[in-house]
Amino acid sequence: MALTSFLPAPTQLSQDQLEAEEKARSQRSRQTSLVSSRREPPPYGYRKGWIPRLLEDFGDGGAFPEIHVAQYPLDMGRKKKMSNALAIQVDSEGKIKYDAIARQGQSKDKVIYSKYTDLVPKEVMNADDPDLQRPDEEAIKEITEKTRVALEKSVSQKVAAAMPVRAADKLAPAQYIRYTPSQQGVAFNSGAKQRVIRMVEMQKDPMEPPRFKINKKIPRGPPSPPAPVMHSPSRKVTVKEQQEWKIPPCISNWKNAKGYTIPLDKRLAADGRGLQTVHINENFAKLAEALYIADRKAREAVEMRAQVERKMAQKEKEKHEEKLREMAQKARERRAGIKTHVEKEDGEARERDEIRHDRRKERQHDRNLSRAAPDKRSKLQRNENRDISEVIALGVPNPRTSNEVQYDQRLFNQSKGMDSGFAGGEDEIYNVYDQAWRGGKDMAQSIYRPSKNLDKDMYGDDLEARIKTNRFVPDKEFSGSDRRQRGREGPVQFEEDPFGLDKFLEEAKQHGGSKRPSDSSRPKEHEHEGKKRRKE
C-alpha cells in the first residue's frame, strides 16, 4: 500500500493541479457548447437607442460616431484605477526579484539585503589580492582631505542657502586661450595669424531663483512594522479584575472645588502613605528588651523586698512574743514571791550587749565607707563629725508649720477703706475714695508733654520762640477781620441764607444736572425761606 493512502486529502491544490483542472474545464465547455456566444454590434441603420458599454459591443472596430455617448473602445481614454500592486520584475537569470517589495518607497541607492547569499560571508580565495589590502598612509590622507573639502563645501552651501542675505559667489579666475584660425590670410582675422582670448565667468545674480528642478520626488517609505501580538487570547474580565483596574480620582489635600465628601480611607490612599515601606529601627527592639528586663528586675526586687519585710515582721513578732512571755513569767514569779538574784547580772550583760552592738555598727559603717565611691566617701567623712549648727541655712525662714491661721494686724482697726463699711453703712453716698488721685493735678500737664531740654540740642535756645510763633497766618489780613479775638462764647449763631445757595443746590439735586430749572420748582421758594446757614 502506498503512503498517500494513509494521508488525509489536501485542502488546497497546487499551481500545477489548478492549471490542469482549468484546462480540463475549458475542454469540457468547448465540447459541450453547441452555439458560440459571440456578441457583435447591430448593423448600420439599426443602432437607434443602442449604447455600447462593453468591449464586445465594439467588435473589432472603433467607436461609433453617430452615437453621442462617451465610448472607450479597447479601454482607450478610460482612467485607469489606482493600485498599489507592484509589477513583477525579473533579473538577468529570469528569476522574480522579490526584493522589489522591500525597495518600495526607498531610494535607489539604498542597499537592501534580501537574499540568502547576502548573509553568507564571502570566501577569500587570494589573500594577496590588491583589492583586499589596506590602503597606505598617503592614500588615507588623500581620501581624508577630499572628504573634508567635500563636507566643507556641502556645509557652506547649506549655511549660505539658509541665510536671508548672502554675498555673491566668487568668480573663477580668468582663463587665457591661444586661438589659431583655420583660414589664414590678410582678408581673414584682420591679418592676424593667432589671437589670445581671455575667458571670464559671467557674473551670477544672487537673487535669481533656481532655473531647473533638481529635486526628485521619492515615494513615501513604508510605515513601521506592526507590533507583534504576544499576549494570550482575550478572556472575560472578572469582577475582581475590574475592581483592581479602577483608578481612584485625584484627591487634593488643599482644594475641593466641588465640595465632595471624601472618605478618610480614600484620602489616605490618595496620600500614598500606605505605599511607603516602613523601616523600623533596631533600637526599638533594644529599647523594648531593656524595658522588659528592667520591669522583670523591678518585679524581682519588689518580691525580694516583700520577702525581707515579711521575715523582719516575723522576727519582730517572735521577739514581741518572747518579750511578752518573759513579762508573763516575771509576773507569775512576782506573784509567787520568788526573788530573782540575777537582775543585777542581767543589767550588766545588757549594757555589754549595747556596747557590743554600737561597736558592730561602727565597724559596719567603716566597711561601707571603704567600699563607697571616692566622692561619696569624702562627703560622708566630712559630714561625720560636723556640728549641727553648721547644717542650719542662714537667711532662710524657719519652715516650721503651724496649724493656726496668721493675719496681718495692720489691716485691722482702720477708719478708712473697705473695712470702714462705706461711710458708716450709707451705701447711697459714693465716697469710696477719700481724696483725688495725684492730688487733683491736671493730667494734661503731665501726659504728652515733652521736657523742655528734650529738643534743645536740635533747635537751640529759641525753642520757646518758635513754639509761640503764629503759623498758618497770612501776612496781610482782610479788612474787618480780627485775629486777636478768642473762640466763640455761647451757642452757635445762625443767620438766614442771603444769597439763596441752599435753594440753588436743592434745585440742582432735584433736576439731576439740567441746565435750567423747571417752573414746578418755583412755588417751593417759601420752603427755603426757613433755611439757615451756619456761621462760624
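Backbone N, Cα and C define each Cβ position, glycine as well.
For the ranges 59-79, 101-121, 122-142, 437-457, the feature annotated in Swiss-Prot as region 'Interaction with PPIL1' maps to 59-79. Using CA atoms as reference points, the recorded positions Ser234, Lys258, Lys286 were checked against Ser182 (phosphoserine), and the closest is Ser234. Note: the region 'Interaction with PPIL1' (59-79) comprises 3 helix, 0 strand, 18 coil (DSSP; helix = H, G, I, strand = E, B). Across the fold, the C-alpha of Ser190 (phosphoserine) and the C-alpha of Lys158 (SUMO2 cross-link) stand 49 Å from each other. There are 6 other CB atoms within 10 A of the CB of Ser232 (phosphoserine), with all protein chains counted. Between the recorded sites Lys23, Lys97, Lys122, Lys141, Lys286, Lys97 has the most other Cβ atoms inside 10 Å of its own Cβ, all protein chains included.
You'll find the Cα of Lys97 (SUMO2 cross-link) roughly 22 Å from the Cα of Lys122 (SUMO2 cross-link). Residues of the same chain lying 6 or more positions beyond the ends of the region 'Interaction with PPIL1' (59-79) and with a Cβ under 8 Å from any Cβ of it are 40-41, 47, 50-52. Of all the recorded positions in the record (Lys23, Ser232, Ser234, Lys286), the one with the smallest CA separation from Lys122 (SUMO2 cross-link) is Ser232.
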